[in-house]
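Copied from TrEMBL, the annotated features are:
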type	residues	note
DOMAIN	51-535	domain 'K+ potassium transporter integral membrane'
TRANSMEM	84-105	transmembrane segment
TRANSMEM	174-196	transmembrane segment
TRANSMEM	216-234	transmembrane segment
TRANSMEM	241-263	transmembrane segment
TRANSMEM	289-307	transmembrane segment
TRANSMEM	319-339	transmembrane segment
TRANSMEM	359-386	transmembrane segment
TRANSMEM	407-429	transmembrane segment
TRANSMEM	441-463	transmembrane segment
TRANSMEM	470-491	transmembrane segment
TRANSMEM	497-519	transmembrane segment
DOMAIN	548-775	domain 'K+ potassium transporter C-terminal'
TRANSMEM	574-592	transmembrane segment
Amino acid sequence: MASISLEEDGERGCMWDLDQKLDQPMDEEAGRLRNMYKEKKFSSLLLLRLSFQSLGVVFGDLGTSPLYVFYNTFPRGISDPEDVIGALSLIIYSLTLVPLLKYVFVVLRANDNGQGGTFALYSLLCRHAKINTIPNQRKTDEEVTTYSRQTYGENSLASKVKSWLEAHTYKRNVILILVLIGTCMAIGDGILTPAISVLSASGGIKVNHPETNKDVVIVVAVIILVGLFSVQHYGTDKVGWLFAPIVLLWFLLIGVIGAVNIWKYDSSILKAFNPVYIVRYFKGGHRNWTSLGGIMLSITGTETLFADLCHFPVLSVQIAFTLVVFPCLLLAYSGQAAYIMQHQDHVFNAFYRSIPDSIYWPMFIVATAAAIIASQATISATFSIIKQALALGCFPRVKVVHTSKKFLGQIYIPDINWILLVLCIAVTAGFENQSQIGNAYGTAVVLVMLVTTLLMIPVMLLVWRSHWILIFLFTALSLLVELTYFSAVLFKVNQGGWVPLVVAAAFLLIMFVWHYGTVKRYEFEMHSKVSLAWIIGLGPSLGLVRVPGIGFVYTELASGVPHIFSHLITNLPAIHSVVIFVCVKYLPVYTVPMEERFIVKRIGPKNFHMFRCVARYGYNDLHRRDDDFEKMLFDTISTYVRLEAMMEGYTDSEDFTFDPQRNVKSVDLVADNDVADSIVELANNPSLDSIISAQSLHQGEISIRSSDEYDFLNRCKDAGVVHILGNTIVMARRDSGLVKKIVVDYIYAFLWRICRENSVMLNLPHESLLNVGQIFYV
């Protein structure tokens, strides 16, 4: 949407600001659009269909846990048969408290218009409190239809919490670090899930053929992993329809086999539903306490469930979990426990041993397919997390490929894909046994859950405005379970649990250093921006020769004239006839509608021919290769100029006539009645804000008479377009400490050299680029 504004700068001169509202819907309609996702109604049949489809996307990771839980719970065998009942009781109530009650019925409601995960929670908080560490948001950003937020009473608890969070910078940094820790652990999950799932599924070969060497199983798992990661660039569009039937078949098979095993081996195992056996289990001492790390694997995949929510309605996920996933998992674990009670020496391969011989190999194939689907879901979630981190300035710029024309969320990041593959193979082949991978997996999962619990507290306070008693109950129950498991996995750090900690530490260092450099760059531009009075004092020629052409000057600033421009005009003898300052920024929303993407303002008097264009994106939006960013910018400026000329020509209501039947022939405007009425209102009251959809102009719905400046713009475009980017080198001051010098001069400098350039991310033509170098000392 081309937003037009006529703004008066406080220093000197005036800047046109006809801000954003010519085609803006009524307040009721705007409210409906903002709550479109929440209010969307689904028929019963469609809801069931979406519930079925969610099985293949959301529940794969959680559903494959029965492959390895009992093996990791009793890696040294079973000393007391009652321990099996106690372990099963813990599994039952862990599944009830964490996936069912906490995530499916509470946390999933904290989605950001259908987007889940740690960064979705962070974006919700950023909209409701000023905790964004890069303060580049403007009041107009809150008018985006996807930018929903709550308002609070002055003395309410939410208002006090909001003020407390905004009071000091260190609180914002603590929240950011917490989000980054959760994100890094989720990336570790993306490494460990494929490793343990595929390796556990491949282990079925050795169970049926005991003479098979262990190395053969590892080789098969590595081959599957290489194949899985090698086809990521194709996306899942063509095979995605297979995921839901396979996962549904998997759940039905493990549920039926579990029910048969309960009936066949030991139905008394059902007494594990009595929680008293949990107390008895803990009386078993240190050994049983440390085995909690294995039991916790029964709820792995729960965080992926939230991160992979996509655009499935929460109700459809709730239906799928309560009607299919939850009962089938309970039957599967109970059936394995019943089998183990009669065959305690088979605990290491309980899943495959408990399968009837007649369906062993079909079950092996389904298990392997389910493991691949679970891995695919986790890999896709990792790509999505990296994309969100990149958009919020917390990750170096990497290549993001859109793999689907139908679904916005399906992306592929080549660099991350191959890093995940290498680390997956290292974990699969490097550990001596599967138990060590399980220990590592448990450490990553429990830390992500703890981060989610801590972030849910301000979300419940600020976004939901829940009563403090409900918040206390949710937090207490969540921490009771998660801290118990966390204490257990601490004993496993030296037995494989160190892997996700090392991986997370590496990614945390990268993300924090990159964000630190991004913030410092923004602060440099803010503090060194040029006074508008100085620009106006140079006169229309800016003290230089104005040569035909358009110069797009890219900056981090959404207001003011960047330092790069003064650096440019003091070192060059000429500047373009038209100068447009372009700011590309990301809002804490999942997407910005295309018709609301651009804001345009004029800088200085009209004969200066200087504009500012702010391009706004959400963290899920992509710069596609087929998007002509240069054309989009020019069309937006053209729309602004033509509308401005029209407003100047028809400020007198007597000279402006409107006839709905004639479609405003007198001003060469073809528009629907709502748009035309808005124009009439604006003409009668020029002080009103105005907005018009640039998309409508592109589609030819509105045709505005050309102006002299519009013709001038076209001539300048034909003369040539240059994209001017700042190439600021950040260096530590000489008197800086050793740590700061290492962080800035080596780590950040290295990341800056290897990341993709802004021009590549925006798909700007290489032949029309001009880099302006400068050095900034921090």
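Even glycines carry a Cβ here, placed using N, Cα and C.
Automatic prediction, not curation, is the source of TrEMBL annotations.
Fair warning: this is a prediction, and the values are worked out from it, not measured in the lab.
If one looks beyond the transmembrane segment (574-592) by at least 6 residues along the same chain, the residues whose Cβ comes under 8 Å of a Cβ in the stretch are 112-115, 120, 122-124, 126-127, 132, 136-137, 141, 144, 146-147, 391-393, 408, 542, 544-558, 561-562, 565, 568, 603, 609-621, 633, 637, 712-713, 716, 719, 722, 758, 762.
Packing against the transmembrane segment (470-491) from elsewhere in the chain are residues 94, 97-98, 101-102, 106, 289-293, 295-296, 439, 442-443, 446-447, 449-450, 453, 456-457, 460-461, 497: each is 6 or more residues past its ends and has a CB under 8 Å from a CB in it. Of the Cβ pairs linking the transmembrane segment (359-386) with the transmembrane segment (497-519) and spaced 6 or more residues apart, fewer than 3 are under 8 Å, so the two regions do not touch.
Fewer than three CB pairs closer than 8 A are found between the transmembrane segment (216-234) and the transmembrane segment (84-105), and contact between the two stretches is not assigned (pairs 6 or more residues apart). Proximity of the transmembrane segment (174-196) to the transmembrane segment (441-463) is established through 3 or more Cβ-Cβ distances under 8 Å for residue pairs spaced 6 or more apart.
Just going by CB pairs under 8 A, the stretch in 84-105, 289-307, 319-339, 407-429 that sits most against the transmembrane segment (441-463) is 289-307.
Sequence-distant residue pairs (6 or more apart) of the transmembrane segment (241-263) and the transmembrane segment (319-339) include at least 3 whose Cβ atoms are under 8 Å, placing the two stretches in contact.
Fewer than three CB pairs closer than 8 A are found between the transmembrane segment (84-105) and the transmembrane segment (407-429), and contact between the two stretches is not assigned (pairs 6 or more residues apart). For the transmembrane segment (319-339), the residues of the chain that approach it from at least six positions outside its boundaries are 47-48, 51-52, 54-55, 58-59, 62-63, 65-66, 69-70, 84-85, 87-88, 91-92, 95, 99-100, 104, 248, 251-252, 254-262, 264-267, 269-270, 272, 298, 346, 350-351, 353-354, judged by C-beta separation under 8 angstroms.
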